[in-house]
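Q: Let me give you the structure first, and then I'll get to my questions.
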């Protein structure tokens, strides 16, 4: 209550912030006549002068802001015919300050972004503008590119399928447009390259994310993964799938739709054991079977075709639950995707092994400065602040919003609801008012389409199956008599322009067929109407059988429905019901926030390790004298081997050290095999003599050879480490049953695995170097196979050229090849 009176007297925090920008706004507006006086040729010269002043330290970037913003506004009016409104200037200042600008749909976010983009481009470090799809990246780069060009700035655009040279050129531009996936995957690929001239990115200075809620929140649960093939067989997936089809619900397993899990009963376990001919599926040796069974159950009873995925060209393709877009190339992890392929009887692809991965949360936190813009962010302000340190600023609209948002209408059954929806569409269609029907799944959009076809109502369907003309369909959705059915993808970023007589008819009507789990997604749908002061209306149609109502509606809501009394086909329109639904949505949002926060806690452990490894990789790649790193590794490795000798000196210990020296360092090349144990200094001298021989053979190629082996061993060990961390992550949740904190255990055990990784890299480097054979070649520089298909060798022009040959090896921490299941160093490696 007290805070309410404080806001009444002093205004909200947002109001106070907006008021504080008035002096800057006045400065920009006062410069309008000065900028108008400049000729077209003087504009780029003026911007170049600002850049020089900044780089010479004569003025700061904040001091330049009013003049740069005024110059951009004038140039935009001349080139694009669009002049920035004051609210867009406010948004631009907020973006420059590293905030999220919430601006209503249709208020001109794309144009607003040009202000901070140009200002920060003066630093010469590259500004990245991140969009949700290739179409918007290409459109915005071409559209705003004309403005940037008039100012003397260059623009690059990233789209899928570009070559490395084209990508490098795009990143070299002052401003680079691209999707979040392209930026993230380029970062991962750069950290798999072998030569500095292969890198495409040039740092992470400033990024502005369009539809920031979609990228930083909706996609936060899906990490970017580059993977390589695995040798594991896929037959188990089809075998288990056949068994699952014969299990009976309730008797053999139970389904928790709310938690999205399926629990196998004792009877179900017996059925599986009989079918597979095993005694106990819960025996530790059958852990893989347990995993396959649970994933198959999930595939059959939690994941729905045309809702969570579609089947296209003999493949299971994921449908993004928030945008309704297809996600080709993405795969569910932990064998779930293979279980879905077995369920749909398409080709089951082999499980892939992770070679590199990062979450969007950790990728975008690498930028020195991050900003975002969207029409709907305020409902997630807490998450933006806690995870990204980003403050949400609500920018007032240029014109008052006059859209009418009607109360929800609720029916008993889905059938009654859909009948009412079709009836409402027919009535609106008769009077010519355009309707945009929003659905949360492909399944629902196709059901309504089928019902409308039976009534001979002409309409367009826009979902993941029919998305080729997305922008065109959405742009036409505001014309007289148009009926458009769209999933959540709904052409975000594309303006719906109202036809000439549509304003008199009441504008575009938004008809929601179901409430989404997130209020923000519902608000996005509503925001398609009533843009820039246009008229419009919206209404959601619900039923007690909708997933949100069924799974998350409270008992209080059910009781309220009974008291209100519902006849068949009769809807209820009640503010208390709408509030109860909103309360259910808040609970789900809170649940999803905790999931994302938990994922980030785990990924932060991996992120620290990734940062260390990628920094090490960068240092190796750019070190003109990589022998310094070799010497450091040698000292560390010899210290590890000889450390126990400092406290004890006995035959068994001597024998163990002797074995390690000959096994890892291959000392038989430079000294006779006997029981004499060299001192640490003698061992170091002997090993360095092997490097001297290598140097004399490799000649000018020596440093390149050192770098290559160091990088290849690092990549090989990192790949194995990622697999080990995946295994640790999968099983760590069980620690909770032992009254231990799974996150703390993951951190501790992850650190132990990381220490082993560093030891493995050191050992692998010396196993390789001490077993290298260089064969002199006429035409080819020392050739090597990349660790994966995503690495491409750089061109070299050198006279002395060699072929590198390596022998197969077993690392001390690898599983012993004898099949015991122990590590090599604890098994055959002891001897």
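Just so it is clear, glycine is given a Cβ too, placed from its N, Cα and C backbone atoms.
Residues or ranges marked as ATP binding site in Swiss-Prot: 88, 106, 107, 108, 109, 110, 495. The Zn(2+) binding site annotation in Swiss-Prot covers 816, 818, 827, 828 and is backed by sequence analysis.
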Q: Hey, what's the Cβ neighbour count for residue 108 (ATP binding site) at 10 Å?
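A: Within a 10 Å radius of the Cβ of residue 108 (ATP binding site) lie 19 other Cβ atoms.
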Q: Output, ordered by sequence, the same-chain residues six or more apart from residue 107 (ATP binding site) with a CB under 8 Å from its CB, or 'none'.
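A: Looking at Cβ-Cβ distances below 8 Å from residue 107 (ATP binding site), excluding near sequence neighbours, one finds 87, 88, 395, 397, 398, 531, 532.
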Q: Since the record lists 88, 110 as binding-site residues, which of them has the fewest other Cβ atoms within 10 Å of its Cβ?
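A: The binding-site residues 88, 110 were compared, and 110 has the fewest Cβ atoms within 10 Å.
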Q: Below 8 Å Cβ to Cβ and six or more residues apart, same chain only. Which residues does that give for residue 109 (ATP binding site)?
A: 91, 101, 103, 210, 373, 374, 375
